[in-house]
Amino acid sequence: CVADQEKDPLFWNTWAQRTLKNALTLQKLNQNTAKNLILFLGDGMGIPTVTAARILKGQLSRQSGEETQLEMDKFPFVALSKTYNTNAQVADSAGTATAYLCGVKANEGTVGVSAAAVRSQCNTTQGNEVTSILRWAKEAGKSVGIVTTTRVNHATPSAAYAHCVDRDWYSDGEMPAEAVQAGCKDIARQLFENIPNIDVIMGGGRKYMFPQNQSDVEYPGEKKHFGTRIDRRNLVEEWNNRMKNKKAHYVWNKKELLSLNPNSVDYILGLFEPGDLPYDLERNNETDPSLTEMVEVAIKILKKNPRGFYLLVEGGRIDHGHHEGKAKQALHEAVEMDRAIGHAGLMTNINDTMTVVTADHSHMFNFGGYTPRGNTIFGLAPMLSDVDQKPFTAILYGNGPGFKVVNGLRENISTLDYEENNYQAQSAVPLRMETHGGEDVAVFAKGPMAHLLHGVHEQNYIPHVMAYAACIGQNRDHCMSSSGASSLSAALPSLTALLTLIRLLC
């Protein structure tokens, strides 16, 4: 059923002309210096995920969904990012994080080290470390923050501060004894030791900060949540002791987080779960904050710095939903991240804040089957297979745990609740865990110098652009003042006037 207004060519012509008018305003480029930088990273958020999340967002508001705009859709500049790792055609989240945070492509499974480092070989760490844009921002006097729905020492956030040849070395309890003896440091320890005083740290991963067998504050009776540290260190206690003369707070639940007055907080360590945070669909609203709630507190704390801030925000469980073949979980995670993007936009100014939204890699996720307009995104295609005469959902995976055979034939899903939160969509190839996809991912950008993100780029280009926009890092030749407060375009008129004056005096 087509809406009456959509039958009229005037509707489409008017909409297109309005879009054209907006596009023409972009000819006047924003060449300001970016005081603030925000990177939203949707882990595993390939383009099919973006499209499906857009439809879901619309359908959650009782629209048909396809015509809906995500917050990221409203960004004026879009590019494609080539995600391969130096040794992998289809990338992982560690090597890609090194690319979009440190500006250098790297091997899969490694964080904050160049491709000269070999995964799991401790002795290849030293001398191959690469620094991140979070460090560049901190060294420039900006406040810096990390917010994630995964563990704070997971692949994506860890590349912002750690140099580790194995992304799985969360604490020394996950490291081979020989690597510890050789002097390699676990990722949790590096979070507190490598970059002094990261202003905002929020996510999960509590168990990696506490001594082995120490019970968890939230789940005292559950052994799987006990501390993992063999060195018996209590990293949270150490952080509290080190920060006691500063306006610093450690929190482990939503109530504690939201009871803080950000105006009287300069540093926050929020560890809300022993491992990853729960999926947004399963989140306990009383105990665990949403990504949007964490982002709001983070920005309120960070924006107090007159020199600005750098904030990394990861919607990290989009990836987990896809790996498990649970498209509904993944897409709701993407919608929640989009909500956080919109909220951050309301709290910042496009004139001085560069915001970039991208993914590290894609997934073997897609949807199709000639579904009619407004078809529920989790629903069936309108026809049966002309081979096995059975129904199929629009959403399918190329591989993963959704592959099921009954009596030698594809499972008949008509008896299943395929719109249930944890339904595993059918896949072509059976795997316990679905894999990443290898195609390019989108990069959405707005704010100062956002126009530099255009066309098709290597993934490691992203932090170079962001650093250039903020006058931090290695390329500052265009910055006319040591404070980085003025842009080249703003400085040129005064420079011309000065040269004219000198000419007159000579």
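Every residue gets a Cβ built from N, Cα and C, even glycine.
Note that the coordinates shown come from a computational prediction; the quantities given were computed from them, not determined experimentally.
Pulled from TrEMBL:
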BINDING   Asp43, His154, Thr156, Glu314  Mg(2+) binding site
BINDING   Asp43, Asp319, His323, Asp360, His361, His436  Zn(2+) binding site
ACT_SITE  Ser93  active site, phosphoserine intermediate
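Shown here: features listed in TrEMBL, placed on the structure.
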residue: Asp43; record: Mg(2+) binding site; Cβ contacts under 8 Å, 6 or more apart: Ser93, Thr150, Thr156, Glu314, Gly315, Gly316, Arg317, Ile318, Asp319, Ala359, Asp360
residue: His154; record: Mg(2+) binding site; Cβ contacts under 8 Å, 6 or more apart: Ser93, Thr148, Arg167, Tyr170, Gly203, Gly205, Asp276, Glu314, Gly316
residue: His323; record: Zn(2+) binding site; Cβ contacts under 8 Å, 6 or more apart: Gly44, His363, Gly400, Met433, Glu434
residue: His361; record: Zn(2+) binding site; Cβ contacts under 8 Å, 6 or more apart: Gly44, Gly46, Thr83, Val90, Ala91, Asp92, Ser93, Thr96, His436, Gly437, Gly438, Val441
Mg(2+) site shell beyond Asp43, His154, Thr156, Glu314, criterion: Cβ within 8 Å of Cβ centroid: Leu41, Ser93, Ala97, Thr148, Thr149, Thr150, Ala155, Pro157, Gly315, Gly316, Asp319, Asp360
For Asp319 (Zn(2+) binding site), the number of other Cβ atoms found within 10 Å of its own Cβ: 27
